[in-house]
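**Student:** Mind having a look at this structure? Questions to follow.
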Amino acid sequence: MLQVLLNSLVYASMIAVIAVGVALCYSILRFANFAHIQFAVVGGYLTYSFAAIPGMPLPAALALSAVATGLIAILVDFLVFSRLRDITPEGKMIVSWGVALFLRSVVAIIYGGGARVFDLSYDVVAVGDAVFTTLDALVVVVAAVLMLLLHLFLNFTRVGSGLRALASNADLAVTRGIPGDRLIKLMWFLSGALAAIGGTLLAFETRLQPNMDLIILLPVFAAVTIGGLSNVFGAVLGALILSLAQNLLIYIDFGALLGGESWQIPTQFRDYVAVLALVVVLLLRPRLSPLAGR
Amino acid sequence: MLDFAIYCLTIVAVWSVLGLSLNIQFGLTGLVNFGQILPFGLGAYAAALAAQAGMPWPAGAALGLAFAVVVSLLVLLPARRLSQDYWALITLGAGELFRLTALNAPALGGADGLTVPRFADPHLALACALALMAAAWFMAHRIARSPFGRMLKVLREDEVLAATLGRNPVTYQRTVSIIGWAMAAAAGVLYAHIVGYVSPSSFTVTETFIVWTALILGGPGSTLGVVIGAAAVQLLSVSSRFVAGWIDLPADVLANGRLALFGLVLVLMFLFRPQGLIPETKEVRDAERH
Amino acid sequence: MKKILSLAFCSALALAAVQGPARAADPIEIGVIANLTGSAVKTSVQMTRGVELAADAINAAGGIDGRPVKLIVEDSENRAQEALNAANKLYNVDKVPAAIMFGGSGLMIPVAELAKEKGRVLVNTSSSSPKLGNYPGTLFSILPLDDIVGKELGLLMADSGAKTAAIVVPNSTFGLGVAEAAAAAFEAKGGKIVKKVAFTEGQPDYRADIQPVVPAKPDVIITAGYGDDSRAMLKAARELGLTAKWYAAYPSILEIENKDFLDGKLFGVDNGGYSQPAGKAVADKYGAKFNGTADLMAHVYYGYDALMVVAAAIKKAGSAEPAAIAKALPDVVKAYDGATGKIAWDARGQRIAPPIDVIEYKAGDFVTTATRN
């Protein structure tokens with residue numbers, strides 16, 4: 001059981017760092033940005049490239065990648081989304097898919113379709129029956145610190161409250177003299193940088209491949225939806241709930257529960273949880289932002 | 001060469017039906033279906049299952065349409081009354097669930113897939129595909145011109161207005177989904193018989209977005225545009241293979257370049273020509289009357 | 001409308017047709033279909049390189065009766081639709097008599113259907129689905145069926161004194177086929193399967209999948225798999241602290257994630273050809289052409305043999321007509337001793353009774369400890 005909690009925590013950490021960016025973007029620009037998840041993949045690859053520079057320590061490579069991906073996000077907004085502010089949310093969503101497809105293919109052209117892995121050394125720690133690695137611990141700590149910093153930034157700085165004002169009522173915020181355009185750029189930078197860090201953490205734990213975004217797409221969006229789409233910290237909570245539900249589902253021995261032979265749900269059905277979570281949340285909270293952003 | 005052209009035309013016709021189906025959902029009604037591959041896959045698998053059970057193809061076709069209608073209602077159940085971002089996520093998820101199920105259920109053949117009796121004559125396959133495309137075209141055209149279709153457009157532009165006109169958006173969305181999904185399922189049945197085989201690898205998210213690229217390129221709301229879009233996408237897809245023979249680029253770079261181009265097309269169309277290559281003809285007079 | 005479409009197609013395709021019909025002195029064109037993009041790229045590239053090495057060897061020796069071999073490589077994106085597009089182009093436009101393909105059964109079977117309809121040859125280097133036996137005279141497999149390798153693996157486990165085993169395989173035809181045959185042989189010898197995990201390929205991490213194996217405490221683990229997925233699988237097992245010994249079908253295609261973790265703990269049965277002189281010679285050629293053998297995988301050998309037997313069949317038949325190739329193929333393989341050993345086909349063109357090496361992983365190397373067949 002402890003193992004389930006540990007696994008859930010590690011998985012949730014990686015998903016959460018990526019998911020908050022989706023929520024941040026949704027809260028201000030009111031559309032579900034599929035390209036965001038590809039930013040995470042781009043960030044992972046950039047960290048990989050920066051780390052390959054001789055003498056470059058890994059944390060520095062990660063920081064560089066975060067900055068670069070943040071700038072890429074601003075660039076994408078400048079080239080594409082800023083010119084489409086007035087179209088419907090679903091239109092933006094389709095465009096964001098086009099951006100994701102483009103980025104994914106460009107990554108595949110540059111790096112090839114095969115997987116890349118970070119060669120990290122770490123230790124395995126045993127706690128009773130459960131095990132985790134020092135890398136797991138690092139991932140969880142980094143994610144927690146990031147979330148804490150983001151919380152402090154959004155709630156206790158002038159710029160942060162500007163962002164929140166923009167999210168709750170953009171028109172009012174701009175009339176009150178809040179520099180909307182600059183804050184939107186900041187939002188893109190933040191979410192791009194967060195995506196890069198989340199993507200790199202994911203790559204540390206697993207591997208890099210250009211179509212990684214398709215694999216984590218459903219969990220990330222399920223996490224954001226559980227949290228209420230435009231709620232940044234709801235997304236974190238959503239990631240935790242989803243991850244726990246997914247790991248519990250495959251852990252419980254349903255056969256033994258029903259008094260029969262041992263039978264567990266095959267792990268590949270984990271993604272059902274993500275989709276079912278989406279559906280259940282929508283059924284339970286039908287008034288959750290219907291016609292949001294219109 | 002002629003055989004190849006026949007094959008390509010057949011595929012274009014099948015994908016046009018998928019595009020037309022998406023068009024009455026999105027182009028006319030504004031429903032964002034990111035799981036368009038699901039009804040297509042349902043049709044294909046129904047054809048395969050019926051064939052496995054020794055049933056003739058019409059049974060498979062009927063089964064496919066029935067599956068699509070039932071599943072569309074199931075998916076709609078939670079998705080109704082939701083904003084389109086949720087609708088998109090739910091349909092995307094439903095499509096992936098279907099693929100996962102097919103991949104992991106031994107009864108559906110798993111990764112190995114199922115074999116289906118194949119058209120012996122490619123000309124017959126082409127004729128059937130063109131006939132289905134013509135039927136879908138006719139239907140889409142009729143819907144667009146009917147009072148029902150005009151109401152769909154009102155719904156697309158302004159749900160609140162539609163509601164104040166005393167029309168329940170959910171009823172309309174349901175009808176459109178059923179028609180659209182049945183259309184895509186019919187394309188799936190045909191596709192299974194053309195290819196002679198179904199497997200989960202044919203029904204990925206990527207396929208859905210290839211249909212979307214065709215729709216956005218051709219022009220959402222425009223029947224002719226969708227068919228042109230489907231043709232252009234397939235042409236782009238096969239012609240890049242010939243380009244590979246002329247210029248000395250690695251095959252993987254070229255294939256990724258093609259996908260990048262699809263992405264770029266989606267973005268550029270939205271930026272510079274959101275009405276598509278063949279814009280929808282707006283019926284100003286009718287719109288004013290409402 | 002139809003006219004516009006036909007026009008658009010014909011104008012584009014006519015450009016491609018200017019090459020004209022083949023003449024006797026022209027090169028013999030052979031198609032290659034592989035997943036050069038999408039997932040499972042590495043293994044496909046390896047197979048393609050094997051075919052290239054064979055083409056180099058044939059052309060360096062003056063070609064087939066004076067005609068050089070020319071490869072036309074097409075990408076299948078690991079999608080059935082694109083595999084069909086590729087095959088249609090190869091068979092209908094390039095008019096190749098034979099194509100060599102790397103891809104799962106989901107891609108291979110539709111292409112086999114097309115090849116059968118067109119009366120062409122398809123050589124399978126990657127899929128071991130029993131369904132591929134439905135195309136005798138069209139499809140020929142260089143990769144052996146899984147049951148023999150699986151059975152030998154099960155017997156090897158029983159011989160080692162293991163009493164309990166867990167299965168950890170991808171839920172592909174290959175993984176499940178090996179697992180089923182190995183488990184049957186193991187259980188027939190009194191062994192017990194205590195846990196079965198079949199994971200979906202292409203996932204980045206398998207820790208949660210392999211988790212349930214830990215409390216089952218098996219003596220040994222049956223596995224199969226290759227490339228990135230096998231690496232992720234082994235990583236998860238190591239992190240979970242599994243100490244059981246691993247018994248793998250084709251251990252050399254596993255991507256070893258951590259040498260120390262598997263040192264002296266990985267056993268398996270592999271094709272017996274690679275360790276023979278013919279196989280070693282191919283490895284040397286690979287090293288010379290592609291900067292060393294560090295990334296060499298067994299798929300190279302299958303690709304190499306695929307083109308070699310097709311070339312031998314063309315030479316023997318004295319013709320590059322597909323029907324002649326299909327007729328000559330079963331004959332020429334009898335005398336062929338290739339990179340994957342001697343090839344024996346059943347009446348369906350499926351490879352049976354491959355030579356088997358028993359292998360142990362020691363100090364970063366695969367060591368052959370016994371030979372069967």
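Glycine too: its Cβ is placed from the backbone N, Cα and C atoms.
Residues or ranges marked as transmembrane segment in TrEMBL: B:6-24, B:31-51, B:57-77, B:124-144, B:178-198, B:210-233, B:253-272.
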**Student:** Check the transmembrane segment (B:210-233) against the transmembrane segment (B:6-24) for contact, please; criterion is three or more CB pairs under 8 Å, pairs 6 or more apart in sequence.
**Tutor:** yes
**Student:** Restricting to the same chain and to residues at least six past its boundaries, which positions have a Cβ under 8 Å from a Cβ of the transmembrane segment (B:57-77)?
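**Tutor:** 35, 38-39, 42-51, 90-91, 94, 117, 173-174, 177-178, 180-182, 184-186, 188-189, 192-193.
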**Student:** Mind checking which residues of the chain, 6+ beyond the ends of the transmembrane segment (B:178-198), have their Cβ under 8 Å from one of its Cβ atoms?
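**Tutor:** Same-chain contacts beyond the ends: 10, 14-15, 17-18, 20-22, 24-25, 33, 36, 38-48, 57, 60-61, 64-65, 67-69, 71-73, 109, 113-119, 125, 128-129, 132, 136, 139, 143.
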**Student:** Counting CB pairs under 8 Å, which listed stretch among B:6-24, B:31-51, B:253-272 touches the transmembrane segment (B:124-144) the most?
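**Tutor:** That would be B:6-24.
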**Student:** Could you tell me what the rest of the chain brings near the transmembrane segment (B:6-24), counting residues at least six beyond its ends with Cβ under 8 Å?
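**Tutor:** Same-chain contacts beyond the ends: 33, 36, 39-40, 122-123, 125-126, 129-130, 132-133, 136-137, 140, 143-144, 152, 176, 179-181, 183-184, 186-187, 190-191, 194, 210-212, 214-215, 218, 220-223, 226-227, 229-231, 233-235, 238.
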**Student:** Near the transmembrane segment (B:31-51), which residues from the same chain, at least 6 beyond its ends, have a CB less than 8 A from one of its CBs?
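**Tutor:** The answer is 18, 21-22, 25, 57, 59-61, 63-68, 71-72, 75, 84-85, 87-96, 98-99, 102, 108-109, 113-117, 173, 176-177, 180-193, 198, 202-205, 207-208, 211-212.
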**Student:** Checking distant contacts: for the transmembrane segment (B:253-272), what same-chain residues at least six beyond its ends satisfy Cβ-Cβ under 8 A?
**Tutor:** 209-210, 212-213, 216-217, 233, 236-237, 240, 243-244
